[in-house]
């Protein structure tokens, strides 16, 4: 059976080498690390201000793990997939298992940041918190299990000095984690819209904090949805093509989650007013389990002007 699969793989690899997609793949494989390094350079100043210069709580720990695990698993992915001449099956299995599990842990941590953000929008509602906590625990268990099962199922093609680790067979159970990610992000988006849209529509006002949260939520969901769907398509492709978008997807999920924290703390620094209330000064708490990140709002509403008034 393995011999037959190996023959099929060699044919596919030969076709792949002479395919116009080969050059594209060689460029795409550096997109993830490039985005990661570029975004880090863009946000390091904000990170020093809003994370490293303050007392740490749970949210800061989640930020650190989500932000910096890609700097560990991305090099593993690149080295073992593209640059080693002929690694052994054992080396490939150890490296790819470590990479997959780091992906799972990092993705789970990023998901917790999205969850806390949604809970904060609902003003730490106990009911919403219980629902989100239950969903978060189930998602974490399922994601870790499916990724572990996927890693254990991997078999690799060895020989012919093709270079890198070429997956020969794998368990499609990893797609469950992809579906779950889409469902979770869609749930968070709907909860945010349900909480903020009715008030904004009736009062024609929206706080800068809520505006930032909504913009991040909608934009990040659209981009993440597109990346995950396209990545799921590539997972069914042979050889190297199956991992073309794995690194970019992983990197972008980390960036989206960590930018949420930085953007919210930027609002804290600006000290704008929350237009959802009529009081001059009010606090909106972004809960941090062991502490609280307090955003004090001053009298600077951002008003939504209707098209009729503009006319």
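Cβ coordinates come from backbone N, Cα and C, glycine included.
Among the residue ranges 7-26, 27-46, 127-146, the one that TrEMBL annotates as transmembrane segment is 127-146.
Same-chain residues lying 6+ beyond the ends of the transmembrane segment (94-115) with a Cβ under 8 Å from its Cβ atoms: 59, 62-63, 65-66, 69-70, 72-73, 76-77, 79-80, 87, 132-133, 135-136, 139-140, 143-144, 147-148, 150-152, 154, 165, 167, 177, 181, 184-185, 188, 246, 250, 253-254, 256-258, 260-261.
Beyond the ends of the transmembrane segment (212-234), by six or more residues, the same chain brings 117, 121, 175, 178, 181-182, 185-186, 188-189, 192-193, 196, 206, 241-246, 248-249, 252-253, 256, 259-260, 263-264, 266-267 to within a C-beta distance below 8 angstroms of the stretch.
In this model, the domain 'DUF6533' (34-72) carries an average pLDDT of 91. Applying DSSP to the domain 'DUF6533' (34-72) sorts its residues as follows: 33 helix, 0 strand, 6 coil.
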